[in-house]
């Protein structure tokens, strides 16, 4: 249906606190998702393209990794006895989720197949390997990325004739079997690969869950197979039901990562529908948790060069045309445009006439000012919305790496515990407030 400005407000805009964060990487004015994920999960700024390491690590240089590893708030929560989880619509070893558990000089080292021989010989491990070995007791892992867990050329369970879906690993390891082997026999562990299996679970009888629903990234929400692929909100619901059984609380990282991909492809309609599903997930998380003991933080890792303008009237479809022609080339233009990207088109030496194409199509690539195969990120500050205990600490303008320290302070985890409740009779600090979820999405999609 056509989208227009309406009186309803996205869930995140109704949160009690709002602030801004500066997203630059230590070596980049306009950041990438690896360095930013390290900032808002590990609490330190990092170089572009690196995850879970300090700025002393240089991208793609394995020998600069050792000694420069940094831990994430997911690790801090686990060390404090809380349950932890990761839910994403990208690969589970993509830039954002990987900063929660991995330490890698290159975000693209998804499996050993993507690593250079020098890095392998120097002892660096791929990100999928680290997912299974670095923090072995992550209770919930859901997203895409099946092919990185299996030996080279192993046939995918879903796409049997698709060569691109086959396993990638050169070391011959079956990381799903390794994941299973690490789980205690008296615990209930489940590996699943489709929506039917997910919805058939009884979360109260699940201790560990690994759900890998696609060989690579999950499908866009508009393209999703309702039989094989769960929605983000469905994954979040099951994850919380599993994690909240822990009386000490939990941390859940939720990423609507395909919003970013839609923008890179210049497909605004795909990106915005991903944002709507992210909003549903945020609302669902709020409906099954308590504001009294749950800190929820919703933010972005970065923005995009995505614009919305043209003096459109109220009620106009946001995927529609501006109510005027260009006063330069006398052609119509859409309300949504990009600063750069694949939507740049010249026909007969002039800008394409968009009235001659289906600009409402799901995969329409909005016009851009500069031709690029992939649209880029933006460098401006992005908003942070929060609610729950200590949400007031997220106000004003902060460095991006401030975020995990606020969450740790609120949950009484990590290094700074001086403000926490006195020791319990058992000798440990009393449990702090629960912590869920950290939800991430590019805020350039606000409408």
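Backbone N, Cα and C atoms are what each Cβ position is placed from, and that goes for glycine too.
Residues or ranges marked as active site, phosphoserine intermediate in TrEMBL: 33. The Mg(2+) binding site annotation in TrEMBL covers 94, 96, 255. Per TrEMBL, Zn(2+) binding site is recorded for 260, 264, 301, 302, 377.
Counted over every protein chain shown, other Cβ atoms within 10 Å are most numerous around 94 among the binding-site residues 94, 264. Among the binding-site residues 255, 264, 302, 377, the ones whose Cα sits within 10 Å of the Cα of residue 33 (active site, phosphoserine intermediate) are 302, 377, in sequence order. The binding-site residues examined here are 302, 377; by Cβ neighbour count within 10 Å, the least packed of them is 377.
Using Cα positions, the member of the binding-site residues 260, 264, 301, 302, 377 nearest to residue 96 (Mg(2+) binding site) is identified as 301. Cβ contacts within 10 Å of residue 96 (Mg(2+) binding site), excluding its own Cβ and spanning all protein chains shown: 29. A straight line from the CA of residue 260 (Zn(2+) binding site) to the CA of residue 94 (Mg(2+) binding site) spans 12 Å.
Within 10 Å of the Cβ of residue 33 (active site, phosphoserine intermediate) there are 26 other Cβ atoms, across all protein chains. Cα separation, residue 264 (Zn(2+) binding site) to residue 255 (Mg(2+) binding site), rounded: 16 Å.
The Cβ of residue 255 (Mg(2+) binding site) has 29 neighbouring Cβ atoms from other residues within 10 Å, across all protein chains displayed. Distance from the CA of residue 302 (Zn(2+) binding site) to the CA of residue 94 (Mg(2+) binding site) is 16 Å.
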